[in-house]
Amino acid sequence: MSEATWWYRGGTSKHDLHYRREAEVNTTLEELLLYFIFLINLCILTFGMVNPHMYYLNKVMSSLFVDTSLPDDERSSFRSIRSITEFWKFMEGPLIDGLYWDSWYGNKQLYSVKNSSRIYSENILLGIPRVRQLRVRNNTCKVYPAFQSLVSDCYSKYTVENEDFSDFGLKRNPEWTHTPSSRTAPWHWGFVGVYRDGGYIVTLSKSKSETKAKFVDLRLNNWISRGTRAVFIDFSLYNANVNLFCIIRLLAEFPATGGLLTSWQFYSVKLLRYVSYYDYFIASCEIIFCIFLFVFIIQELRKVNEFKSAYFRSVWNWLEMLLLLLCFLAMSFYAYCNMQSFLLLGQLLKNTDSYPDFYFLAYWHIYYNNVIAITIFFAWIKIFKFISFNETMSQLSSTLSRCMKDIVGFAIMFFIIFSAYAQLGFLVFGSQVDDFSTFQNSIFAQFRIVLGDFNFAGIQQANWILGPIYFITFIFFVFFVLLNMFLAIINDTYSEVKADYSIGRRPDFELGKIIQKSCFNVLEKLRLKKAQAKEEKKMQNTDLAQRARREGFDESEIQEAEQMKRWKERLEKKYYSTEIQDDYQPVTQQEFRELFLYAVELEKELHYVSLKLNQLMRKLH
């Protein structure tokens, strides 16, 4: 019976199976090389978006507007102001001094152009700054009946329903009348509320004296009152030396509890994308990225058409679809930001006496950066799809996949205990300890406790009985018990995987063999590997033969042993090869005859060894 008459699993011969697997491995290798090119291009593209000068520009602007001391009070700054009086001191002092730079050392004039404000002599103030406030109506909260005689006015926290749209104060001026918000403007997330655009807007002047006079007029006429809930200070800068825009927003929130909370945002972004030769190189990488995206979409559509519903059973295919979706979102954000930047810059050049809303562009540019960051993260994670060519990394992936059910069960138990302690900490310490002021803060505070960053003195001061009990029991159950259980699950599973690999129950690293075989062929063509292997094998055989002669074996026994060794190597290479791994490997009659003769020869050798051992035992007795 010939080999062609033996079929493998319903009609596929060994030769066809081997050819199919070799073609599949070659396709995987080509896909890996193509993906590495895409990943390198994506890394160049993402790092080309980031400029080290962004950090330094944000830092110097933060130092100027946030950390500059108030007049007559060196210990206070915008970072630490807590009252309306201190806020007006900031507006009439550090803010105006920081915005209007029209002279150099010795009062020497810097520029003679109309818009001559140059912050730190290098950063151009674009257009004019804007100050706006959001207010709430009176009687927007309910007062307990017993206190209604004491409380005549009641201003609730800021919400869209509570917002005041009516004019107030000096109604003849625009800063005392309400301006509707734009539908496309993004909302701002503050400490105590989420604020939308619009409100009561004050447009500043290009003149420092005029702006200061306007602030004094607003202060004397109580522009900020009990109904005020937020005041925004917005302006934008451009530094031509590093081709960066810096969009700055300073926010003062006036919560319903009284007092004042300050926050700030400094966004350094590159809105003019193509200026230098390096920028045009990045543009070429962007074009290559779009080509790769188109090719990958075509590949995945072909796979869906070929495998139908089976395509969605693989985790790697879901990761592939997620990666393509993120790439498409990044490309959409990029096109939208560039288009809006072009339109807004055109309007600014036409009218330099108005406020340019670059915060809108910075907002979407930050979202674009976030999408790109998540994309590059999952792009690196996808490399694990090709780790089967390395045994060590395969052990890691096998360990994680095998213990996934145990980890899910452990995670449920962990988060039940973790959430219980988080709610306990929030209810007991929330009113006195900042780390537990909200339920979300409590969760993150407990993660910090696990990492060793905690404020035990604050917990103990908040409640000297429950504080230590909470801390000690949390450390015991979470740190000493649960985390060690998690490590035990990983360790036991890894031991099982190592044991399976040691007895041969391991995946077939065919991709690694293809790479190794290619390197071997290259060395063989260079006549390096072949000569070296033959020389080592010849020296090894010579050493074994000389050793056998010293032990007293005759030439016939040595030749017979060498023949058996060659026969054994040939059969092992044929039947123990890992090129085809399966439990159902057919054999022909000729192959069965060779195996039978080999077994007979082994029986003779065992009988010969047994006789030698018997002779040796007699001599010992």
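Just so it is clear, glycine is given a Cβ too, placed from its N, Cα and C backbone atoms.
Automatic, uncurated: that is what TrEMBL annotation is.
Packing around Cys154 (disulfide bond) is summarised by its Cβ count: 17 other Cβ atoms lie within 10 angstroms of its Cβ, all protein chains included. Among the features that TrEMBL reports, disulfide bond is placed at Cys141-Cys154.
Marked as domain 'Polycystin' by TrEMBL: 78-272.
This prediction places the mean pLDDT of the domain 'Polycystin cation channel PKD1/PKD2' (273-497) at 87. The feature domain 'Polycystin cation channel PKD1/PKD2' is assigned by TrEMBL to 273-497.
Among the features that TrEMBL reports, transmembrane segment is placed at 32-51 (among others). Outside the transmembrane segment (32-51) by six or more residues, the chain places 242, 244, 268, 270, 278-279, 281-282, 285-286, 288-289, 292, 296, 369, 372-373, 375-376, 379-380, 382-383, 386, 511 with a CB less than 8 A from a CB of the stretch.
The transmembrane segment annotation in TrEMBL covers 231-252 (among others).
If you look up TrEMBL, you'll see 277-298 (among others) marked as transmembrane segment.
As annotated by TrEMBL, transmembrane segment applies to 318-336 (among others).
Per TrEMBL, transmembrane segment is recorded for 366-387 (among others).
The transmembrane segment annotation in TrEMBL covers 407-429 (among others).
According to TrEMBL, the transmembrane segment annotation covers 469-490 (among others).
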In terms of Cβ proximity under 8 Å, which residues at least six beyond the ends of the transmembrane segment (318-336) contact it? 286, 289-290, 293, 296-297, 300, 312, 364, 367-368, 371-372, 374-375, 378-379, 381-382, 385
Spatial neighbours of the transmembrane segment (407-429) not adjacent in sequence (6+ beyond its ends, CB under 8 Å) are 435-436, 438-439, 441-443, 445-446, 458-459, 462-463, 466-467, 470, 474, 477-478, 482, 485-486, 489
For the transmembrane segment (231-252), distant same-chain residues with Cβ under 8 A (at least six beyond the ends): 51, 53-54, 57-58, 61, 65-66, 78, 81, 87, 95, 99, 119, 122-133, 188, 190, 195, 199, 224, 260-272, 275-276, 355-359, 361-362
Same-chain residues six or more away whose CB lies under 8 A from the CB of Cys141 (disulfide bond)? Cys154, Tyr155, Ser156, Ala256
Determine which residues of the chain contact the transmembrane segment (366-387) at the Cβ level, with the cut-off under 8 Å and only residues 6 or more beyond its ends counted. 28, 31-32, 35, 38-39, 42-43, 45-46, 49, 267, 269, 316, 319-320, 322-323, 326-327, 329-330, 333-334, 337, 393-394, 396-397, 511
